[in-house]
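S.K.: This is the structure, below, for whatever I ask next.
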Amino acid sequence: MGQYTKEVRKVSLEIEEAITESLGLRPTYLSSKMAEGVQVVAVNCYPPCPQPGVALGLPPHTDYSCITTILQSSQGLEIMDPADGKWKMVPNVDGSLQVHVGDHVEVLSNGLYKGVVHRAIVNSERTRISISSLHSLGMDEKMKPAEELVDEQNPIKYKESSFNDFLKFLSSNDLAEGKSFIDTLKIQD
């Protein structure tokens, strides 16, 4: 597990560099902050459920991170298609990683990238194991929109926040009720 977390961290840092470069920022824009940042690894076990239609493994949410990588033993990860609001099953290819961007990238990009709304479902036949690795800035390091992506045509759309701010939100809100931290960061016109 220790070796896996080191390797998946390297992959996530490379992906983050590609994302910042795609935004017109230098590839190393966040490298030092990410290298010193937080990596949270969650191992989830979803046992078979006799009535999978009435239970969820995890409710719909976005991750408060820059990058999340997921290794799963079988299908069970669904993402919401923003075009039609419908849930789509993420195919499972043995040994492959699913990667999605989180709220930190949405804030950094001033909304050009969106955090992926996803959920975990259960099935009636087999146990599903997933290993999620979330990569972010340090606990108190504030993420804000990149100044290079803010101008008169693209005014600032998000307040800055830290991982600690997110943890405070979690302690006083129930994600199962549909509350979203990213919504608290959006600046209303």
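Using the three backbone atoms N, Cα and C, a Cβ is placed for every residue, glycine included.
For 34-137, the entry in TrEMBL reads domain 'Fe2OG dioxygenase'.
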S.K.: Which value does the mean pLDDT take for the domain 'Fe2OG dioxygenase' (34-137) in this predicted structure?
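M.R.: So the average pLDDT across the domain 'Fe2OG dioxygenase' (34-137) works out to 92.
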S.K.: DSSP helix, strand and coil counts for the domain 'Fe2OG dioxygenase' (34-137)?
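M.R.: Helix/strand/coil tally for the domain 'Fe2OG dioxygenase' (34-137): 11 helix, 45 strand, 48 coil.
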